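Asker: My structure is below; once you've seen it, I'll send some questions.
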Amino acid sequence: MAEHNYKFNVTMTCGGCSGAIERVLKKMEGVKDFDVSLDSQTATVKTEDTIDYTAVLEKIKKTGKKVNSGEADGVPQSV
């Protein structure tokens, strides 16, 4: 089965910020794996091929965190 790899640069100032993003990704159906790093200010998400970039972007934005940049399967995307 195919999958997508998405990477987002997100402004996070504390463990609560990264924890909020982890919680929404954990609940999102179709997410296979993710890594949220406060140190590198990134969220890397691996999803099933049925989950599009915009759906993941919107979930992260709903936490109130600022998404600075994003890419889908290595290709820069708008945020």
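Using the three backbone atoms N, Cα and C, a Cβ is placed for every residue, glycine included.
Curation does not apply to TrEMBL; its annotations are automatic.
Reproduced below are the annotations present in TrEMBL:
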DOMAIN    3-68  domain 'HMA'
Asker: Could you give me three numbers for the domain 'HMA' (3-68), the DSSP helix, strand and coil residue counts?
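Answerer: So the counts come to 22 helix, 24 strand, 20 coil.
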Asker: Averaging the per-residue pLDDT over the domain 'HMA' (3-68), what integer do you get?
Answerer: 97
